[in-house]
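This report concerns only the one structure given below.
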Amino acid sequence: FHITSLFSLSLSLYLVVIALEEKIIISKLGDNATLSCIYRGRELHLNNLRVYWQIADDQEMCSVVHALISGQDNESEQCIHFKNRTQLFWDRLENGDFSLLLLNVSQSDEHTYKCVVLQKTEYTKVIHQAEVVLSLAASYSQPILSGPIRNSDSTGEEVTFSCKSGNGYPEPNVYWINKTDNSHLPPSELKITPHTNGTYSVFSTLKVKATSNMQIECSIENKILQENLSANYTQQKQSNDSSTESHKNLEKKGRGAQAAGIVSIVILIGLLAVLTCWLWRRRSSKLVSYTGNEAV
């Protein structure tokens with residue numbers, strides 16, 4: 001019995017007014033998503049129920065996601081795309097929880113899903129229905145911001161910044177911000193690249209005139225996850241870090257030279273001691289020989 005015919009028949013014979021419950025579910029790519037459908041009515045008998053999960057926003061494609069008829073899964077009309085990827089929670093069914101577990105979600109699963117529960121007593125009627133909007137997302141990596149390291153005398157020169165991030169979904173919004181006055185700067189280049197796993201990477205550049213104290217921020221926004229990741233560049237900080245690093249290198253070199261000098265002195269003293277000992281022994285040997293000759 002085709003699901004469309006069943007719905008047409010039930011709705012034409014019986015006018016049932018049911019409030020449509022609607023929820024938005026956000027899931028990450030590759031995760032499992034639970035599509036909620038909970039009926040809070042009287043005690044239910046599975047043998048008298050038919051539960052259908054279907055795609056509600058695309059009439060051209062196969063619409064049956066999952067079907068439960070008289071307490072048994074029915075795969076006769078299930079879309080191939082959902083084969084072996086859907087499960088009901090069997091321990092919750094008699095309590096009116098007809099939520100559906102969708103495994104390993106991908107971009108092609110982004111739809112509005114409809115849950116329809118029908119009960120057959122003297123006649124078949126719709127006792128509950130719910131809609132769930134499934135939106136997918138993936139967090140972007142922490143952006144990496146690269147910029148020039150220049151002296152203060154480079155003020156007025158054109159400099160280039162680059163910002164990159166990846167493994168996110170959907171396509172992000174990219175913002176360049178001048179932190180000295182929080183003004184937005186137009187990117188010189190913006191490239192968003194799709195990957196085979198469905199995620200995106202983003203690369204953007206910014207060309208601006210250098211100032212004595214540049215403070216630039218690159219921000220990657222994922223609207224669905226309400227995530228905003230940023231990286232900052234500060235000219236003054238870069239200069240200080242560079243000076244500090246140079247100072248540390250000089251200190252290391254100074255300590256190395258001092259240690260080398262001490263080692264050289266120790267070696268020289270050792271050589272002098274050996275030479276002195278050798279001369280003293282040679283002199284003693286000659287003195288003994290001379291004394292012996294006199295005695296003869």
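Just so you know, glycine gets a Cβ as well, placed from its N, Cα and C.
The following features are taken from TrEMBL:
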type	residues	note
SIGNAL	1-19	signal peptide
DOMAIN	30-133	domain 'Ig-like'
DOMAIN	143-230	domain 'Ig-like'
REGION	234-253	region 'Disordered'
COMPBIAS	234-243	compositional bias 'Polar residues'
COMPBIAS	244-253	compositional bias 'Basic and acidic residues'
TRANSMEM	259-280	transmembrane segment
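Regional average pLDDT for the domain 'Ig-like' (143-230) in the model is 92. Among residues of the same chain six or more beyond the transmembrane segment (259-280), none has a C-beta under 8 A of the stretch's C-beta atoms. Here the domain 'Ig-like' (143-230) is broken down by DSSP into helix, strand and coil counts: 3 helix, 52 strand, 33 coil.
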